[in-house]
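Undergrad: Please find one structure pasted underneath; my questions will follow.
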Amino acid sequence: MPFVNKQFNYKDPVNGVDIAYIKIPNVGQMQPVKAFKIHNKIWVIPERDTFTNPEEGDLNPPPEAKQVPVSYYDSTYLSTDNEKDNYLKGVTKLFERIYSTDLGRMLLTSIVRGIPFWGGSTIDTELKVIDTNCINVIQPDGSYRSEELNLVIIGPSADIIQFECKSFGHEVLNLTRNGYGSTQYIRFSPDFTFGFEESLEVDTNPLLGAGKFATDPAVTLAHELIHAGHRLYGIAINPNRVFKVNTNAYYEMSGLEVSFEELRTFGGHDAKFIDSLQENEFRLYYYNKFKDIASTLNKAKSIVGTTASLQYMKNVFKEKYLLSEDTSGKFSVDKLKFDKLYKMLTEIYTEDNFVKFFKVLNRKTYLNFDKAVFKINIVPKVNYTIYDGFNLRNTNLAANFNGQNTEINNMNFTKLKNFTGLFEFYKLLCVRGIITSKTKSLDKGYNKALNDLCIKVNNWDLFFSPSEDNFTNDLNKGEEITSDTNIEAAEENISLDLIQQYYLTFNFDNEPENISIENLSSDIIGQLELMPNIERFPNGKKYELDKYTMFHYLRAQEFEHGKSRIALTNSVNEALLNPSRVYTFFSSDYVKKVNKATEAAMFLGWVEQLVYDFTDETSEVSTTDKIADITIIIPYIGPALNIGNMLYKDDFVGALIFSGAVILLEFIPEIAIPVLGTFALVSYIANKVLTVQTIDNALSKRNEKWDEVYKYIVTNWLAKVNTQIDLIRKKMKEALENQAEATKAIINYQYNQYTEEEKNNINFNIDDLSSKLNESINKAMININKFLNQCSVSYLMNSMIPYGVKRLEDFDASLKDALLKYIYDNRGTLIGQVDRLKDKVNNTLSTDIPFQLSKYVDNQRLLSTFTEYIKNIINTSILNLRYESNHLIDLSRYASKINIGSKVNFDPIDKNQIQLFNLESSKIEVILKNAIVYNSMYENFSTSFWIRIPKYFNSISLNNEYTIINCMENNSGWKVSLNYGEIIWTLQDTQEIKQRVVFKYSQMINISDYINRWIFVTITNNRLNNSKIYINGRLIDQKPISNLGNIHASNNIMFKLDGCRDTHRYIWIKYFNLFDKELNEKEIKDLYDNQSNSGILKDFWGDYLQYDKPYYMLNLYDPNKYVDVNNVGIRGYMYLKGPRGSVMTTNIYLNSSLYRGTKFIIKKYASGNKDNIVRNNDRVYINVVVKNKEYRLATNASQAGVEKILSALEIPDVGNLSQVVVMKSKNDQGITNKCKMNLQDNNGNDIGFIGFHQFNNIAKLVASNWYNRQIERSSRTLGCSWEFIPVDDGWGERPL
């Protein structure tokens, strides 16, 4: 069903219903205008907006410049009936295009449902419409009626391309941000759109981005509709809350104030400019405003000015605000419902998300100050369709977004070149002491009268330099921790899957009816929306500098197109002072070739050689092994843009190696993270439960603190670093285009010197030349993008994250002391729990929380680069064993030869997992290239691998050290060996002096983190310092090795159990790496994090969790109990029963029994999963095994209370009961493998995580939404954390 009621024509006669002359609220009397009601609550007025504000009634250009990148004025636009008809059809077509997507249908339904609150009465027990949320509709007989509405689309005012969402009403700013909302007016035109450079973002396809692209006008209208949604629901951010820029330097934009509302509406990583502390402030503010509205509805006893009933209007606002209603009719705000509505309005509805649904190209940031504007006509289907936009299917316009490419689809786009009233703000950058004879003209920004060379730089081409005032820093505030301290739920990233979940649960029914309203005054007088005062900055401000800038270098590459000959030069001075010279950063050989005149007979060969050389110059890259996280360097960026202000441009590669990515930044960001605020722990005398809960809450709040700091750093990085990198990206594209233009001009000049007869013998096409040069530029931009992205991520990871981690580690140390003292002070209350709680505190606070960029941004380009950053650590590996293409191979650049014995076993699920037995034929030999055989006294090196060591079962293993990895020759080298409860690293020099570093673990422990479980081992060796062993990213032991002499290792590495007395012994090993450097702690943690494969769920041992495999269950909150079934059927329940009991062999091991209780089997919900591996967010069923028969885990979601008791049901009896579980992998990177199971109802709504709740001292399994509110990353304390235990030979327990 279409969104627009019917097809309208502007000349259709008025009927007083959906075609009528109307009066809208304004600041004075107005003449009625013809309007069209395209849907309930939504009208379109195909007129220029000269009536909402009399001060804006003049359509001519203003006398002074506006502080915007570009303005366009044409007083004749939209003055004829044909133009108005085309406008009407264009707007309705865009509404249908938006409505055709799932996201658009949700947004438009929200807008129709978003009736402004009836708060127009001065009596608090009375509901009354606010008159400025109404229009007067003129009837055919001349009378009028008043009608409430939500949205009006109006033509633009004087500036045709200034699209905006505005409103009128009493104290209008409060209405749009106090929860009430007010009627919205959008100034918009479907006949104009904006350009952007997509090649700045393209990473892989040189065919994409061959020119300028045009924005789909549906995206532009959707952006304004999102604003309307915020304002109708009264959650718009105060326009005074803006993102400011500094203005004190020549390279910074002046006067730019981007409102938080715009950043939030755009979405993507721009929304991350608003730091989390401020976003939490907004959310809490509007939550309280919604509670005020619920309170007002509860007080209301009557309604006036309408024939609608009070109860009907209450129900309208109940639907709008998703209020809860109890049996007495009292309304309240449910926090979960509010959070869902607020998330939908502010994070689901964004421009960035609409781009994904429209499947179009779009600007990548709101801070896109491209000045290209195009005239378009979207009404004909041959130009634009509802489903495809410009990229028409079954045509050449469908591929590579060619329909939006303004050069390929040039018939659809008319670029506005001669702007009426094109105002630009600029700065004048002058370098002192330059002799200016024969300089370029003053019109180009050069001062001929002074001994200063001045260039004019547009304000919007300068660096975006955010002010420190933008970043809230309340991290130093202390906090009181109690037993009921609120733990914030971890935020869920916005994904297409999440949006689809919102769509599936969205209620599209119950669209509000038209309500009869008593006639208001014939002229509804509104109050103008006051806009914030933007500080104005002087235009043309002059800055006197003593050196050239990036902008001088770019200007030196420009020239005036004409009939005169130009020539390239490698001298910036010469190019700036001589109008016929153009600066190039290409080689002197290229300069000689391009400047050399050629005869006609040689012309085509000359051109072909120049194109080849141009491609060769732009393709230049350098590589270095000195920087692990930057794999390629574009050496000409320095001389192209004067990076480093001339100091480093002649050796840009050397400067980057010496200084790092910081040399790219014009201004170095400062991150002011104070000493983090401490926690004040509240004591509870003689109350064990509340005391333990307080400790748990402190640890969870600690995790929140890490999250806050990481978010704060990412916000600073995006705003302060990434924006600078993006400007360099843009300027490099301009620089390459300048070189192409100069090359073309020289070639074209030479061609025009020939006689007509000579030209006739030359088959030369300037357009073909342009295409070839543009293709070279776009290929070059792929490398430039990769390099700049790597630099940006490198700066984040090496200069910003470590600073935050140091602050957090200091905080952890302080909290650890406070918690241990708290436990000691309350030891009398915590009888039987003291040691367990001390261990929990020590373990939790001695482990850093790894940084994961994907938690904080969803920009795929940056996330891809972050992943590459992690992989680049592997690139320093000189041996990297992986199983690929049915072979075990060395992925390092050395490709070492590998020999595999006949008794080596590769796990069938993950073939990187290699099993070695205590057999002569169970071995792997790696033959190293001579270049990497270790033979040194000083060179550092490291190794890392994962290992799973089965339990030692008998006394034959005591005091039996045996080698598993050996690189010794002539009693010199290194090896890894095992002993009962030990992993041992040995270094030995040629004089047989040795050093050992050991990790020890115990087998006399209830539940071990190490026995038969995958362990990540890293050993680093600094030859002038220590050898260190890390387990799961944590430093365990270190010993000095500076006393060792030359170590000459073997040229092969043998993986084999050598010297083991137990003939049944075996080990598992995977991901072996050898590095020719000492890995630092951050690199070890990054490597650990990457190799943990957090997107795949793991079982108790660390293997991949699988479908259709039986598992015993371990609850991490109460690990001494197991799951049992009271009875099957809907009246039965499952519960935790204990204790587990023990398995033991005297003096060898003493452990809890793991194979106890009811087994769970994970079953596929859909057939899309092909490899039988359970992944994060998989939707599954859980079967439970009772007396060798499988039953389905399910619940009745209509049970009273938050906790829904789970039952084991016959599978055919499940029916409509809730049984779908979403599997969650906790990305804690710890030595345990926590899983969480989120049960959902049949509509996809969360019922809650599966845990347990005490009912009459019985710990029954439940699905509880309490967990969803309380859960926090890395928590080991909540009852919804589980581990799946399969039977495994390495544990040695007989299953019951």
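Using the three backbone atoms N, Cα and C, a Cβ is placed for every residue, glycine included.
Found this in Swiss-Prot, in case it helps:
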type	residues	note
BINDING	His223, His227, Glu262	Zn(2+) binding site
ACT_SITE	Glu224	active site, proton acceptor
REGION	492-545	region 'Belt'
TRANSMEM	627-647	transmembrane segment
TRANSMEM	656-676	transmembrane segment
REGION	1093-1296	region 'C-terminus of receptor binding domain (C-RBD)'
BINDING	Tyr1117, Glu1203	ganglioside GT1b (d18:1(4E)) binding site
DISULFID	Cys1235-Cys1280	disulfide bond
MOTIF	1264-1267	motif 'Host ganglioside-binding motif'
Undergrad: Note the Cβ centroid of His223, His227, Glu262, the recorded Zn(2+) site, then list each other residue of that chain whose Cβ lies within 8 Å of it, in sequence.
TA: Cys165, Glu224, Ile226, Glu261, Thr265, Phe266, Glu351
Undergrad: How many helix, strand and coil residues does the motif 'Host ganglioside-binding motif' (1264-1267) contain under DSSP?
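TA: When I sort the residues of the motif 'Host ganglioside-binding motif' (1264-1267) into the three classes, I find 3 helix, 1 strand, 0 coil.
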Undergrad: Measuring Cα to Cα, how many angstrom lie between Tyr1117 (ganglioside GT1b (d18:1(4E)) binding site) and Cys1235 (disulfide bond)?
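TA: Given the Cα positions, Tyr1117 (ganglioside GT1b (d18:1(4E)) binding site) is 13 Å from Cys1235 (disulfide bond).
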Undergrad: Quick check for the class: what is the C-alpha distance, in angstrom and rounded, between Cys1280 (disulfide bond) and Glu1203 (ganglioside GT1b (d18:1(4E)) binding site)?
TA: 12
Undergrad: In sequence order, which same-chain residues at least six apart have a C-beta under 8 angstroms from His227 (Zn(2+) binding site)?
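TA: Residues satisfying the criterion: Cys165, Gln184, Ile186, Ala236, Glu261, Thr265.
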Undergrad: Can you grab the distance from His223 (Zn(2+) binding site) over to Glu1203 (ganglioside GT1b (d18:1(4E)) binding site)? Cα atoms, rounded to a whole Å.
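TA: Spelling it out, the Cα of His223 (Zn(2+) binding site) and the Cα of Glu1203 (ganglioside GT1b (d18:1(4E)) binding site) are 41 Å apart.
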Undergrad: Please state whether DSSP places Cys1280 (disulfide bond) in a helix, a strand or coil.
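TA: Assignment for Cys1280 (disulfide bond) reads coil.
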Undergrad: Cα distance, Cys1235 (disulfide bond) to Glu1203 (ganglioside GT1b (d18:1(4E)) binding site), nearest Å?
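TA: Pair distance, Cα basis, whole Å: 19 Å.
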Undergrad: Within 10 Å of its Cβ, which one of these recorded positions (Glu224, Glu262, Glu1203) has the largest number of other Cβ atoms?
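TA: It comes out as Glu1203.
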Undergrad: Roughly how many angstrom lie between the C-alpha atoms of Cys1235 (disulfide bond) and Glu262 (Zn(2+) binding site)?
TA: 38
Undergrad: What is the total of other Cβ atoms whose distance to the Cβ of Cys1280 (disulfide bond) is within 10 Å?
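TA: Cys1280 (disulfide bond) is surrounded by 27 other Cβ atoms within 10 Å.
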Undergrad: Cα distance, the residue listed as 'active site, proton acceptor' to Glu262 (Zn(2+) binding site), nearest Å?
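TA: For Glu262 (Zn(2+) binding site) versus the residue listed as 'active site, proton acceptor', the Cα atoms are 10 Å apart.
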Undergrad: Mind giving me a neighbour count for Cys1235 (disulfide bond)? Other Cβ atoms within 10 Å of its Cβ, every protein chain shown.
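TA: Result for Cys1235 (disulfide bond): 25 neighbouring Cβ atoms inside 10 Å.
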Undergrad: On the 0 to 100 pLDDT scale, where does the region 'C-terminus of receptor binding domain (C-RBD)' (1093-1296) sit on average?
TA: 86
Undergrad: According to DSSP, folded down to helix, strand and coil, what is Cys1235 (disulfide bond)?
TA: strand
Undergrad: Looking at the binding-site residues His223, Tyr1117, which sits with the largest number of other Cβ atoms within 10 Å of its Cβ?
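TA: Result of the Cβ crowding comparison: His223.
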Undergrad: According to DSSP, does Tyr1117 (ganglioside GT1b (d18:1(4E)) binding site) fall in a helix, a strand, or coil?
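TA: Note: Tyr1117 (ganglioside GT1b (d18:1(4E)) binding site) is coil by DSSP, not helix or strand.
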